[in-house]
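Input: a single structure, listed below in structure tokens.
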Amino acid sequence: MVLLCSGTNRQRCVLLFTRGVKSLSFSLINSFLFSVHVYPQLEHGNRLSVCNKICYAIGGAPYQITGCALGFFLQIYLLDVAQLDPFYASIILFGGRAWDAVTDPTVGFLVSRSPWTRFGRMLPWILLSTPLAVLSYFLIWYVPPFEDCKVVWYLFFYCLFQTLQTCFHVPYSALTMFISSEQKERDSATAYRMTVEVLGTVLGTAIQGQIVGMANAPCLPGPGDIVANMTNSLNSIGLNDSEKAYMIASGVICLMYILCALVLFLGVREQKESCRPRSEPMGFFQGIRLVMGHGPYAKLVMVFLFTSLGFMLLEGNFALFCSSTLGFRNDFQNILLVIMLSATLAIPFWQWFLTCFGKKTAVYTGTLAVVPFLITVVCLKSNLIVTYVVSFAAGVAVAAAFLLPWSMLPDVVDDFQVQNPESTGHEALFYSFYVFFTKFASGVSLGISTLSLDFAGYISRGCSQPKEVDLTLKLLVSAAPIALIIIGLIILSFYPINEERRQGNRKLLQEQRDSEADSETDSTELANIV
């Protein structure tokens with residue numbers, strides 16, 4: 001350097017040297033700042049704090065609180081409080097569920113087409129749908145002052161609420177893929193979510209059951225009394241008190257719905273998608289071919305379809321079974337509360353179990369665990385203490401039914417992304433169709449179960465029911481759920497994503513993200529140099 005910079009070239013060489021030092025220093029500073037700020041942000045962006053996970057989990061509570069209240073109590077409310085014929089009640093239950101199923105893929109398409117905002121793509125849907133959803137939910141539990149159009153009233157507001165709740169739940173479910181890119185973090189957040197959701201079912205059961213239970217209208221001794229005295233004895237038998245109790249319970253649930261939505265919106269930050277361009281949005285049948293054409297997803301949907309059908313039949317008819325067949329008319333809400341409380345306590349156990357033994361093993365173990373208790377509750381003679389013990393044990397299996405299918409869905413989405421790296425931005429489709437098939441089938445099952453009670457001769461608010469009704473309820477809460485669960489587990493044996501494949505997908509996706517991050521880093525450094 002000294003030889004080259006001697007004589008007349010010294011001043012020019014010093015100038016070049018100074019410029020080189022400045023350029024090198026600038027590059028080193030930029031690299032240092034990038035390593036200090038950008039890399040920790042990338043690493044921290046994949047990790048969620050406990051507060052983030054809790055806020056995300058709280059957002060799942062409204063769906064479960066309202067769903068549990070509707071699932072356990074809407075049938076008995078329509079039959080015994082709104083005084084609808086079982087045939088019309090079945091139309092409402094089936095129509096609402098079927099409509100709810102249709103709205104899921106529709107909302108999924110709309111969400112997938114939504115532009116990115118400063119709040120994200122999913123969170124605005126959640127915030128804007130909440131006020132109208134709360135209003136429509138409250139009106140479901142209001143008995144209108146007219147008789148002729150009651151069926152239309154309940155069907156309209158039930159369908160409206162299901163639509164607005166779908167606008168909440170589909171974006172919320174798809175949000176799982178955008179809170180972190182790490183499988184472990186998403187699994188952990190899902191465990192938090194399922195714990196809060198099962199706790200939401202406890203709250204829904206407790207709020208609805210305990211408030212309604214305090215104003216439970218007494219049963220009527222026979223069909224003749226129902227026909228002859230219905231008009232003149234409503235107030236004397238406490239039916240108006242039951243109507244008010246249902247409205248008070250729905251008001252409390254509406255307040256909780258709003259609070260949970262605000263916590264989710266304020267406490268969770270939605271991560272923007274990869275820098276890769278999103279695929280073009282597609283139509284309904286294209287979406288079906290896309291998601292159902294992926295083998296692991298189709299098998300998982302069928303597993304979830306049959307197992308959830310079994311548990312939904314149990315959920316929809318257990319209150320009637322306890323009050324009518326077992327004779328625990330004044331205790332059924334406490335029995336339901338025991339089941340949900342047990343399920344809440346069992347969620348951490350199943351999260352540990354699937355971590356140690358794998359998700360498929362956990363599904364087999366957890367789902368089959370409910371079968372002995374379903375058999376016991378219908379075979380033993382009516383005994384309140386035995387029923388409480390059986391209900392607590394059954395709640396452990398209910399926890400597995402809540403947690404495991406949803407914890408497996410992100411693995412299927414990751415598997416699709418590995419096999420189709422150029423097809424991106426379809427997460428909402430996977431989640432919406434996942435819910436679509438189960439909701440439609442559950443609507444069919446609930447409609448058929450209510451119709452079965454009608455054919456068996458169910459007596460609204462009767463102190464006793466015909467033997468045909470008792471037999472029908474036993475089939476609906478025991479034999480039918482067990483058969484559906486076994487079919488679902490047989491299909492699960494063909495589900496191809498085991499722990500080895502899941503870990504392999506995780507590594508491949510991490511390599512894709514690392515390469516994209518390196519490309520973005522090179523582009524940033526090149527822009528700085530230029």
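Glycine too: its Cβ is placed from the backbone N, Cα and C atoms.
Annotations in TrEMBL come from automatic prediction, not curation.
Annotated features in TrEMBL:
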type	residues	note
REGION	508-530	region 'Disordered'
TRANSMEM	54-78	transmembrane segment
TRANSMEM	122-144	transmembrane segment
TRANSMEM	151-172	transmembrane segment
TRANSMEM	245-268	transmembrane segment
TRANSMEM	297-314	transmembrane segment
TRANSMEM	334-354	transmembrane segment
TRANSMEM	361-378	transmembrane segment
TRANSMEM	384-407	transmembrane segment
TRANSMEM	428-453	transmembrane segment
TRANSMEM	473-497	transmembrane segment
Handout entry: Same-chain residues near the transmembrane segment (473-497), Cβ under 8 Å, at least 6 residues beyond its ends
Key = 295-296, 299-300, 302-307, 309-311, 313-314, 316-318, 320-321, 324-325, 360, 363-364, 367-368, 370-371, 374-375, 377-378, 408, 411-412, 415, 449, 452-453, 505
Practice task
Any chance you could find the range in 151-172, 245-268, 297-314, 334-354, 428-453 with the most Cβ pairs under 8 Å to the transmembrane segment (122-144)?
Solution key: 151-172
Practice task
Given the cut-off of 8 Å on Cβ pairs that are 6 or more apart in sequence, determine whether the transmembrane segment (151-172) and the transmembrane segment (297-314) share at least 3 such pairs.
Solution key: no
Exercise for the section: May I ask which of the stretches 245-268, 297-314, 334-354, 384-407 has the most CB pairs under 8 A with the transmembrane segment (361-378)? Expected result: 384-407
Exercise for the section: Grab the same-chain neighbours of the transmembrane segment (428-453) for me: Cβ-Cβ under 8 Å, and only residues 6 or more beyond its ends, written as numbers and ranges. Expected result: 75, 86-87, 89-91, 93-98, 100-102, 104-105, 107-109, 111-112, 166, 169-171, 173-174, 176, 287-288, 290-292, 297, 301, 304-305, 308-309, 312-313, 316-317, 320, 409, 412-413, 416, 469, 472-473, 476
